[in-house]
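The structure appears below as structure tokens.
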Amino acid sequence: MAVLQVLHIPDERLRKVAKPVEEVNAEIQRIVDDMFETMYAEEGIGLAATQVDIHQRIIVIDVSENRDERLVLINPELLEKSGETGIEEGCLSIPEQRALVPRAEKVKIRALDRDGKSFELEADGLLAICIQHEMDHLVGKLFIDYLSPLKQQRIRQKVEKLDRLNARA
């Protein structure tokens, strides 16, 4: 397994729309494993393949406290959503920045697991929010897209400054 490089804004590759996975095979399983390793190394709770410059419809999530409840979503489809909620969200591609984002309270999705088996899942709370956040990545959407242009600009400037400082270190 390997830790992959996470893209940061304003990298335009984050805006690419991911293509469906045609076959869940050993290569896709390796990507899933590398994505989990990357997500845990970065202390995230979710990661979309587009964030690591792999433009396929793959998401990994683990919102558990013990980091032992892995969820793999390959080619996820949103079937239903209901209610309204929102929390301050963060993103590995937008380091050290958070903002309140409106989301559905509950979602029902269909996806393939790591072995290519189809399943449906109903989620609420943090898991539902995380699923929506990561599914946005697959269509090139970031949480800052829900914010005003001024807030977007401020966050971009902060991330660019942080990346410059980290490049010097």
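Note that Cβ sites are derived from N, Cα and C of the backbone, with glycine treated the same way.
If you look up Swiss-Prot, you'll see Cys91, His133, His137 marked as Fe cation binding site. According to Swiss-Prot, the active site annotation covers Glu134, on the basis of sequence analysis.
Shown in sequence order, Gly46, Ala48, Gln51, Glu89, Leu92, Ser93, Glu134, Asp136, Leu142, Phe143 are the same-chain residues outside Cys91, His133, His137 whose Cβ sits within 8 Å of the Cβ centre of the Fe cation site. According to its DSSP assignment, Cys91 (Fe cation binding site) is in a strand.
Under a cutoff of 8 A between CB atoms, and with a sequence separation of 6+ in the same chain, the neighbours of His137 (Fe cation binding site) are Leu14, Ala18, Ala48, Thr50, Gln51, Ile59, Ser93. A simple Cβ count within 10 Å picks out one of the recorded positions His133, Glu134 as the most packed, and that one is Glu134.
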